[in-house]
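Novice: Sequence annotations record features per position, and here Swiss-Prot assigns transmembrane segment to 33-53, 58-78, 83-102, 120-140 based on sequence analysis. As annotated by Swiss-Prot, active site applies to 111, 125, with the evidence given as sequence analysis.
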């Protein structure tokens with residue numbers, strides 16, 4: 001149940017921030033927040049993270065559906081389930097759904113977080129990366145414990 005709350009919160013916050021950017025900014029507009037380090041820059045991204053593989057909508061939709069299916073399988077198969085796994089799975093799925101909603105609606109993804117030293121991205125991207133790190137940490141931490149038990 002907790003997983004689905006995380007997914008819903010990530011999806012709602014992601015879509016709300018993107019809607020606000022679209023209502024309040026013109027495409028291509030950039031607003032300094034903490035110059036020169038951080039700006040809000042409204043772009044429509046035709047590709048994946050960092051603009052990779054532009055205009056491959058069906059590829060991204062297919063991969064996203066596979067990722068979400070994997071999250072659900074992981075959620076129901078992993079026992080005992082630790083909270084860090086729910087957070088990781090929820091962040092990845094919520095972020096994936098946020099970008100999927102954009103792709104299905106516009107054929108593009110709304111991006112707006114601009115640190116100038118990195119390509120422009122959005123909250124869904126942040127959730128996906130954070131969730132992936134949490135999952136990797138949980139799996140590595142668990143494998144360390146397993147290997148210590150085997151050595152004893």
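Including glycine, each Cβ sits where the backbone N, Cα and C put it.
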Novice: Where else in the chain does the transmembrane segment (120-140) make close Cβ contacts, counting only residues six or more beyond its ends and a cut-off under 8 Å?
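Specialist: Residues 10, 13-14, 17-18, 41, 43, 45, 49, 82, 84-85, 87-99, 109-114 contact the transmembrane segment (120-140) from elsewhere in the chain.
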Novice: Which entry in the list of active-site residues, 111, 125, has its Cβ near the fewest other Cβ atoms, using 10 Å as the limit?
Specialist: 125
